[in-house]
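Working notes, beginning with the structure itself.
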Amino acid sequence: MHKLLFSLLSVVSLSFLLFFHGAEARQREAPFPNACHFSQINSLAPAQATKFEAGQMEVWDHMSPELRCAGVTVARITLQPNSIFLPAFFSPPALAYVVQGEGVMGTIASGCPETFAEVEGSSGRGGGGDPGRRFEDMHQKLENFRRGDVFASLAGVSQWWYNRGDSDAVIVIVLDVTNRENQLDQVPRMFQLAGSRTQEEEQPLTWPSGNNAFSGFDPNIIAEAFKINIETAKQLQNQKDNRGNIIRANGPLHFVIPPPREWQQDGIANGIEETYCTAKIHENIDDPERSDHFSTRAGRISTLNSLNLPVLRLVRLNALRGYLYSGGMVLPQWTANAHTVLYVTGGQAKIQVVDDNGQSVFNEQVGQGQIIVIPQGFAVSKTAGETGFEWISFKTNDNAYINTLSGQTSYLRAVPVDVIKASYGVNEEEAKRIKFSQQETMLSMTPSSSS
């Protein structure tokens with residue numbers, strides 16, 4: 001009796017956990033009314049490029065019908081070698097994907113301790129050891145970044161990026177403007193903590209805005225707050241600086257980056273660091289070994305969600321990385337509980353999207369740098385061109401799931417043959433062929449490529 005009662009309580013508890021997690025994942029502000037009614041979906045390119053001293057920031061038009069439907073906006077940052085994207089934060093949570101390049105990324109979260117310390121004369125990295133040694137620098141945790149990394153960013157958590165490589169670093173950022181953590185409105189905002197407005201003419205979109213947070217304060221207030229003189233306070237305001245938010249560093253920069261997990265052992269227990277402060281905030285999604293679907297002939301797909309990167313529960317977004325070889329195909333499918341923002345990172349593909357009325361709303365060839373929005377429930381297929389196809393998809397749910405129209409795990413495999421016969425007006429042999437012919441689950445080859 002006790003075992004039965006315990007089992008029932010366990011089932012009820014699990015049901016409540018799943019219900020509340022699902023409800024929490026859906027707590028997004030409603031996008032614009034009727035935003036997802038399309039007669040045609042368009043592929044999107046950047047609407048504006050703001051050039052800085054050592055790079056540029058391109059933004060997509062957040063008022064486009066496609067992005068309004070998804071409730072997101074998109075930016076692309078290009079950093080020249082030895083340049084810094086200066087500290088800034090966004091009003092909504094975001095996911096960033098490193099398209100190319102390598103370097104160092106820092107997050108600045110209020111309440112988190114300075115767990116990285118450099119000590120004068122020390123041969124190692126990090127803090128600890130001899131009390132007679134003098135600290136040269138302390139700062140919050142840093143992360144190395146490289147191609148294929150996905151970074152999660154919470155609302156209001158500042159970040160900076162440094163390109164230490166020999167070529168440009170390119171980072172695509174998707175901001176969830178309808179996330180409940182964004183308490184302002186659905187217009188994207190970037191709050192700069194350093195940097196200044198450039199000399200370029202006024203841009204049509206409202207962001208990136210320009211001056212940093214210090215520039216609006218009375219210099220005397222800044223001087224008192226930091227215990228510095230007025231001249232230094234004016235330096236913080238960047239009053240005579242027009243380099244913008246991406247600047248060139250004066251020589252290679254030095255950082256304290258300890259061995260993995262070392263910084264976690266020296267933290268001060270403050271109740272905050274045990275959540276975001278010590279959370280893993282990035283994962284490389286390009287590694288073939290972590291593929292969820294793999295075909296030696298067609299390609300591979302990797303998924304990053306809150307099950308393998310728990311911080312995504314706070315961001316409420318996830319990512320999917322896909323590669324198709326020449327002639328490879330992603331079987332027709334739909335995302336049941338999220339919109340999809342697909343960014344093309346390489347190659348070409350024919351993409352077709354079908355809406356809730358069974359009408360084709362997109363049927364075009366897409367290439368590098370383009371964005372396509374696939375609304376929740378809309379069916380989509382992808383077929384790679386001769387050079388193959390690469391993409392990164394961002395989905396507006398931290399645990400989004402996909403249903404396929406054909407293949408081993410598709411809805412048709414779960415439907416009895418007699419129901420298929422009645423639904424489509426086919427005989428039993430044709431119904432079985434429809435149900436069982438496709439042996440793949442997600443990735444396949446087109447007939448012309450298979451021959």
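Using N, Cα and C of the backbone, Cβ positions are placed for all residues, glycine too.
As recorded in Swiss-Prot, the features of this protein are as follows:
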{"type": "DISULFID", "residues": "Cys36-Cys69", "note": "disulfide bond"}
{"type": "DOMAIN", "residues": "42-234", "note": "domain 'Cupin type-1 1'"}
{"type": "DOMAIN", "residues": "283-432", "note": "domain 'Cupin type-1 2'"}
{"type": "MOD_RES", "residues": "Ser39", "note": "phosphoserine"}
{"type": "MOD_RES", "residues": "Thr115", "note": "phosphothreonine"}
{"type": "MOD_RES", "residues": "Ser302", "note": "phosphoserine"}
{"type": "MOD_RES", "residues": "Thr396", "note": "phosphothreonine"}
{"type": "MOD_RES", "residues": "Ser437", "note": "phosphoserine"}
{"type": "SIGNAL", "residues": "1-25", "note": "signal peptide"}
Original post:
If you measure C-alpha to C-alpha, which of Ser302, Thr396, Ser437 (modified residues) come within 10 angstroms of Cys36 (disulfide bond)?
Top reply: none
**OP:** Among Ser39, Cys69, Ser302, Thr396, these being the recorded positions, pick the one whose CA is nearest to that of Ser437 (phosphoserine).
**Re:** Ser302
Subject >> modified residues compared (Ser39, Ser302) - highest count of Cβ atoms within 10 Å >> reply: Ser302
Subject >> Neighbour tally for Cys69 (disulfide bond), based on other Cβ positions within 10 Å of its Cβ >> reply: 22
**OP:** Please report the DSSP secondary structure of Ser437 (phosphoserine), reduced to three states.
**Re:** coil
Original post:
Going by C-alpha distance, which of the recorded positions Ser39, Cys69, Ser302 is nearest to Thr396 (phosphothreonine)?
Top reply: Cys69
Original post:
Cα of Ser39 (phosphoserine) to Cα of Cys69 (disulfide bond): how many Å, rounded?
Top reply: 13
Original post:
Across all protein chains in the structure, which of the modified residues Thr396, Ser437 has the highest Cβ count within 10 Å?
Top reply: Thr396
**OP:** Could you find out if DSSP has Ser39 (phosphoserine) as helix, strand or coil?
**Re:** coil
Subject >> All-chain count of other Cβ atoms within 10 Å of Cys36 (disulfide bond) >> reply: 22
Original post:
According to DSSP, which kind of secondary structure is Ser302 (phosphoserine) found in, if we only use helix, strand and coil?
Top reply: strand
Original post:
How far is it from Ser302 (phosphoserine) to Cys69 (disulfide bond), counting Cα to Cα, in Å?
Top reply: 25
